[in-house]
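Engineer: Shown below is the structure under consideration.
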Amino acid sequence: MRSHFCTEISEKDVGKTIKVAGWCNTYRDHGGVVFIDLRDKSGLVQLVCDPSSKAYEKALEVRSEFVLVAKGKARLRGPGLENPKLKTGKIEIVLEELVIENKSATPPIEIGNKSVNEDLRLKYRYLDLRSPNSYEIFKLRSEVALITRNTLAQKGFLEIETPILSKTTPEGARDYLVPSRVHEGEFFALPQSPQLFKQLLMVGGMDRYFQIARCFRDEDLRADRQPEFTQIDAEMSFCDENDVMGVVEDLLQAIFKAIGHTISKPFKRMPYKEAMENYGSDKPDLRFKLPLIEVGDCFMDSSNAIFSNIAKDPKNKRIKALNVKGADALFSRSVLKELEEFVRQFGAKGLAYLQIKEDGIKGPLVKFLSEKGLKNILEKTGAKTGDIVFFGAGDKKIVLDYMGRLRLKVAETLDLIDKDALNFLWVVNFPMFEKTENGYHAAHHPFTMPKNIECEDIEEIEAHAYDVVLNGVELGGGSIRIHKEEMQKKVFEKINIHEEEAQKKFGFLLEALKFGAPPHGGFAIGFDRLIMLMTKSHSIRDVIAFPKTQKASCLLTNAPSPINEEQLRELHIRLRK
């Protein structure tokens, strides 16, 4: 039906008969001469038709998004008529034949216009997908999936599918539940991850497993979250952290080569505590410096009791400083006010600062600091004339969070981030447990191997866990798993999952661990998030063919939707009104 894709045509084809097919992107009638921009997956080419052509009458019928097959000779555009914005901007096709394969209603959205309301784009997603940019995204997505399969297969991994209909074993988010028609009153759960099945595959001697897995989580959505998503999932037997990290680094190196980036190995490694203390995040963006500096000791003799008391409680409190070079000339009073309002959203009670000026140090904190304290702050932060040093003080968790966010906000405001840089990082030595209102829960998941389970302070127990971070975004992570029943029971006890509950929820796993489970570990990389970063897309919804909204609904199909009474009866379900 066609001889070329639109953008395959070049100056070397001038004089040749060309046949192309696609959609009418734009239509123009200039004094009797008709111009049609034809669009296919590759891009645009201009068709031109004058009244002498036998295709002219048909060309007059064409409107936006009509499906066309066109035949004609390629020629150079006239002087001054080239379009440098198009790959085919120097040539056009003089129409000899034109077939309208299908007509189109007036499109409710402009194809390729990202400023169109997103809800409207999602409602007509099949039109939104017609843009060449969308095609390039899904072409790359397909290529990355193929690279993943080839790379892992070469390393001896087997691609094995794990069940979609499974048992509910909550991993932090809510499960999506599927009622069983055969087993009245019982439910399957859609998997939040293949975690337990891939561990069972290791018990079964599969040694190295992977799949590009579909996962489901019923949780509140954010810009980078979807209720159903895809991850590159893998597990290895007889391995340690270094083995797993090596596989991930090799895989990411191969993947990013596809978009022309050479990334070096091994990736930098940073302990969790260092990431939190120096950057206020467990996924720090290292494309710029701006570290957080601990200055609690500079406030020990502060005349302000609030600051001095915080300084004397280093276990639970923090006083962090952020020195922004040259900010005194760049940040007006209104900008400083905006930054204060910004951190208040995340629990800050205000934003104290010192301005380092030619005639001395200014700012609301000066009166509370001794001369020695001020001197120490300048030494610790490296502050010079023209700088502004911001301070956060209070509860450790809150201060680290809002100062980390302030760090990012300042970097964005001052354009300190190299948008073309790729900064990979491993964050390691995560805490095994996190405190909640009802005790403790597993920071990653309860199947992670702890490093020092006998430590009396539960908050000091670390996990054999690791996250891979790119430019401040968590790409994925993994851990070495527990492979002995006794250790698994100990971890369950720490998070108040006692024997009866453990057997009810995870009895099949505990049983499997009795039969010679090998040491094993693995990882998962968020596939959608990876493609979002590689394509520099604004939202994860741009890289999923038919995504859900932030309210977990599909505007295209109107899912979820009610079901009829007969279906409910078959499933033994009665709805309360």
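Glycine residues also receive a Cβ, built from the backbone N, Cα and C atoms like all the rest.
Quantities reported herein were computed from a predicted structural model and do not represent experimental measurements.
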Engineer: Please state which member of GLN211, GLN226 Swiss-Prot lists alongside ARG217, ASP218, GLU219, GLU474, GLY526, PHE527, ASP528, ARG529 for binding ATP.
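Structural biologist: My reading of Swiss-Prot gives GLN226 as the candidate in that site.
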Engineer: May I ask you to indicate which of 195-198, 299-302, 479-482 is given in Swiss-Prot as region 'Aspartate'?
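Structural biologist: Spelled out, Swiss-Prot records region 'Aspartate' over residues 195-198, not the other listed ranges.
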Engineer: Same chain, outside the region 'Aspartate' (195-198) by at least 6, Cβ under 8 Å from its Cβ: which residues?
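Structural biologist: Non-local partners: 162-163, 166, 169, 171, 209, 233-235, 445, 447, 506, 508-509, 522.
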Engineer: Pick out which of the binding-site residues ARG217, HIS444, ARG481, ARG529 has the most other Cβ atoms within 10 Å of its own Cβ.
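Structural biologist: When each Cβ's neighbours within 10 Å are tallied, ARG481 tops the list.
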Engineer: List only the single closest residue to PHE527 (ATP binding site), chosen from the recorded positions HIS30, GLY80, ARG217, HIS444, ARG481 by CA-CA distance.
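Structural biologist: Answer for the nearest of the recorded positions: ARG217.
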Engineer: Looking at the region 'Aspartate' (195-198) alone, can you tell me the average pLDDT?
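Structural biologist: A mean pLDDT of 97 is what the predicted model shows over the region 'Aspartate' (195-198).
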Engineer: Could you state the CA-to-CA distance between GLY80 (site 'Important for tRNA non-discrimination') and HIS444 (L-aspartate binding site) to the nearest Å?
Structural biologist: 62
Engineer: Using C-alpha atoms, which one of the recorded positions HIS30, GLU219, GLU474, ARG529 comes nearest to ARG481 (L-aspartate binding site)?
Structural biologist: GLU474
Engineer: Rounded to a whole angstrom, what is the C-alpha distance between HIS30 (site 'Important for tRNA non-discrimination') and GLU219 (ATP binding site)?
Structural biologist: 54
